[in-house]
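Chemist: Quick one: the structure is below, questions incoming.
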Amino acid sequence: MLGMSLREAAAALRLGQIKPTELCQKCLSFIKETSFLNAYITVTEDFALKQAAEADERFIQGKPLGDLDGIPIAIKDNFSTAGIETTCASRMLKGYIAPYNATVVQKLFDQGAVFMGKTNLDEFAMGSGSTDSIFGPVKNPWSYSRSYIDKTSLSHHAAKDDSDWVITGGSSGGSACAVSAGTCYLAIGSDTGGSTRNPASHCGVVGLKPTYGLVSRHGLIPLVNSMDVPGIVTRCVDDAATVLGVLAGHDPYDSTTIQDPFQPFSLPEKVDVRNVCIGIPKEYHAPGLSAEILSLWSETADLLENAGAKVVEVSLPHTPYSIVCYHVLCTAEVASNMARFDGLEYGHRSDIDDSTEALYAATRREGFNEVVRGRILSGNYFLLKRNYEKYFVKAQKVRRLIADDFVKVFNSGVHVLLTPTTLGDAAPYLEFIQEDNRTRSAQEDVFTQCANMAGLPAVTVPAALSSRGLPLGLQFIGRAFCEQQLLTIAKWFEKQIDFSPLQFNRDSENGNIVQQYSKSASSV
C-alpha cells in the first residue's frame, strides 16, 4: 500500500479497500521505522489522525472533498502552518509558530489531504545537500536499498562509517526522502535554483518546478522572491499533474500569481511524440558531467528520435554566465529578505541587548549558521552603492539575456528541452561536506537554476540507476505556462523507462530495514 502512487492510493480509498485512518496509521508507523533518515523535523501525528478521522466520515457519506482526500502528505518546513512550528531548520526560527497557513498548504487541506509533518531542509533553503540543518542532515533512503548495498558490496556486518550513506540533495531533501521512502504520497518543496528537482533526482522520484507565478508563494518564507516557486514531489508524473491542478491559480495574497483561471488537466493514457520537437542544449555539456549521465542523456535523445520525435541541437549562448549571475542575484535578495530577522518582531532574540546595534548583531550571529551569514555578506557587498551597477544591475541584464535565449529556442519550434538534472549520482555525506556550501551549490545547480532565472516550468524524472545502484534523473524544461505539454512528454519518457522504485534492504529474519550506518551524524 505504501508503495502505491497517489492516484492508486486515492482509488483504493474511493473503493473502500482501505480507510483514511488506516492509511494514516500505516504512514505514521513507517515514519517511525525510518526516523533514522531524518526526513521530518516535526511529525504531526495527532493532527494527522484527526484529519484522517474526518476523511473517514466523508467517505462513509460518499462526499470526498477531492482527489487528495485522505491522502498522507508532507510539507517542507519553510512553509507557514497555523499552530504548527515552522523553523526553516534554523535556530533563528526554532519555536516559531505562524498564525496562518501558506496558500498551498490551505489548498491541500481544503482537498482533505492528511498532514503527516514538516520536512527537513538546508537552513533557510540555502544549500544543495540537505546537510546544513540544525536538526542534522537528511539521509538518502537509497543508501539503505538493496541496489546500493549490492553494488557497493556492503553488508550489515561491515561499513559502519557515516561516509557510506549518501546525501539526498537539497534543499528540499526531507521532502524527496519522505516520498521516496514511502512515508507519504506527496511532499511540497520549494525551488529557487533547483531545490526540488535536485533532491528528487537523487532520491529517484518526480520533482516539478511550475512556471513562476502559476502557484502562490504566500506563506513560503522567502529566499529569492523573483525565483522562489513551490515545488511538487511525487512518485510519478501523473501524480504531479494531479497536485498541480489543486495548487495552481491566482491568489489575492500573491500579486505575482497569474490573473487568468487555471484549468486542471489529466494526462492522456497513450502519448504520441511523433509531432514533438525536442531541443538538446549544447551548452549543457558542462565540466564534471559524469559519463553515466552523458550516456543516459544521449540514449534518451535516441529513444525519442526512434519514437518519431524530432530531436535537434539548440544553443542557449548565455548559459556559461548563468550560475555566476544566479549567485549575484540570489545573494542580493537573500541579504534583503534576511534583514527582517532582527530579534525585534519574531524569531530568536539574543540576551545581549546593550544597544539596538548589539542586539541586531548578536541575534543574527546566534540565529544564523555560517552559510546564511556568508550569503548575506555576499549580497550586501553586491548591493553596496559602489558595486550596485557593476554587479547587481549587470546581473539583471544578463538574466534577461538568459531568458531571451529560451524564448528564441522555443519560438524556433522546439516544444521541450531535454537536459541532465545533476552532474552525477548522490555523493557520500563525508565527501560532500569536504567542499564549502557555495562550491557545492554551484555544482549541483548548474543544470537547474536556468529555469528559475527564466521563470520556466521544469520537471525531473527518474531514468536509471548508476553503477553504484543510485538514482539518476533527467530534466525536461518547457515553455512558460505549458505544464500540460511538458508533463505529457515527461510521462511518455517515464512509461518507456519504467523505473523501479526503492526497495529497502531488510533483515531476512525480522524484516527490519538494515541500518549498517550505526553512528548518528545528527546534532541539534
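Glycine residues also receive a Cβ, built from the backbone N, Cα and C atoms like all the rest.
Just so it is clear, the model here is predicted, and its values are computed rather than measured.
Marked as active site, charge relay system by Swiss-Prot: Lys76, Ser171. Residues or ranges marked as active site, acyl-ester intermediate by Swiss-Prot on the basis of sequence analysis: Ser195.
Walk me through the surroundings of each of these features.
Modeler: There are 33 other CB atoms within 10 A of the CB of Lys76 (active site, charge relay system), with all protein chains counted.
Cβ neighbours within 10 Å of Ser171 (active site, charge relay system), excluding its own Cβ and spanning all shown chains: 39.
Within its own chain, Ser195 (active site, acyl-ester intermediate) has Ala125, Ser128, Gly170, Ser171, Ser172, Gly189, Gly231 as residues 6 or more apart in sequence whose C-beta sits under 8 angstroms from its own.
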